[in-house]
């Protein structure tokens, strides 16, 4: 087990050493940028034209389409797989004479530029991006002018493709001109836009949107929100709001435009249906609507159903009402007396005997001389 661990540690250490050596080698190498699809010539230091050299890429033989002319290596129609660290060694002693870090890419095309003010009237910001990648490092130069005067540009610390500009004055009729130039080792390209102050004002969406049901009302929802925190002076430059809502069971939105208010009561909600609600904001006079806020969900108030209690036969307790004391059974009512005494076996036997006695005492007997019989019949 110890041998396995030792071997593994040796392998990891060797890999770290190789990576470190490659990085040290790359740090000492000069970088050469070339365009995708072109033929690339790499020169081995300052060796004479008749010098004999051997080329390696990333420590292995060069397998790409190539041509060698003395101390020069010519790669044909390079592509992204041509990237790598190329080293040349002088023959016959094999001494390394030069290293080249080849980076293949494209020159930039015109960047796409947009500007917006979400902190009116403090200032605005501009963003840009390339529609097509260059695959090599590309920088951007930004120039902003107003009334033919350059303005100070502050690069954003988080977004590398964004800058911030302060408004030099408000309510001006002079347009702003922003020019962004993309630059890399293979070329440069520029884009310029012009705009008036009022056209780029666009607040951020409202924040902390809350929707709650209204007690004892099955068709109302109370919606509240805050102005965007990035809007610096809502008192001097008030915002208006656009509220939209719909039940989840339908696709059609309902809209309400509100002036200088941060609450609204929806009065036509469907009872018991879940709603989705969003808001947008806009300066009262200039600019465009913000994006929609984060959606919130709410359901109107519903009356709680009354609890249903279930009963079983074992749960039912019979009511017992005390009755009059039982009278002693009369001779003429044996059946009633028996029905009272059936709960006891011994009393049942007594009931039977009592019935027989009653029957015997009620007979009327006489002698029938012709048949020498004594006949009995039940009296009336």
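A Cβ is built for glycine as well, from the same backbone N, Cα and C atoms used for every other residue.
Curation does not apply to TrEMBL; its annotations are automatic.
Note that the structure is a prediction, hence the values are computed from the model and not measured.
According to TrEMBL, the protein has these features:
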type	residues	note
DOMAIN	37-88	domain 'Ig-like'
DOMAIN	107-204	domain 'Fibronectin type-III'
DOMAIN	205-305	domain 'Fibronectin type-III'
REGION	307-331	region 'Disordered'
SIGNAL	1-21	signal peptide
TRANSMEM	341-360	transmembrane segment
**Complete:** Helix, strand and coil residue totals from DSSP for the domain 'Fibronectin type-III' (107-204) stand at 4 helix, 49 strand, 45 coil
**Message:** If you average per-residue pLDDT over the domain 'Fibronectin type-III' (205-305), what number do you get?
**Reply:** 96
**Complete:** Reduced to three DSSP states, the domain 'Ig-like' (37-88) has 3 helix, 24 strand, 25 coil
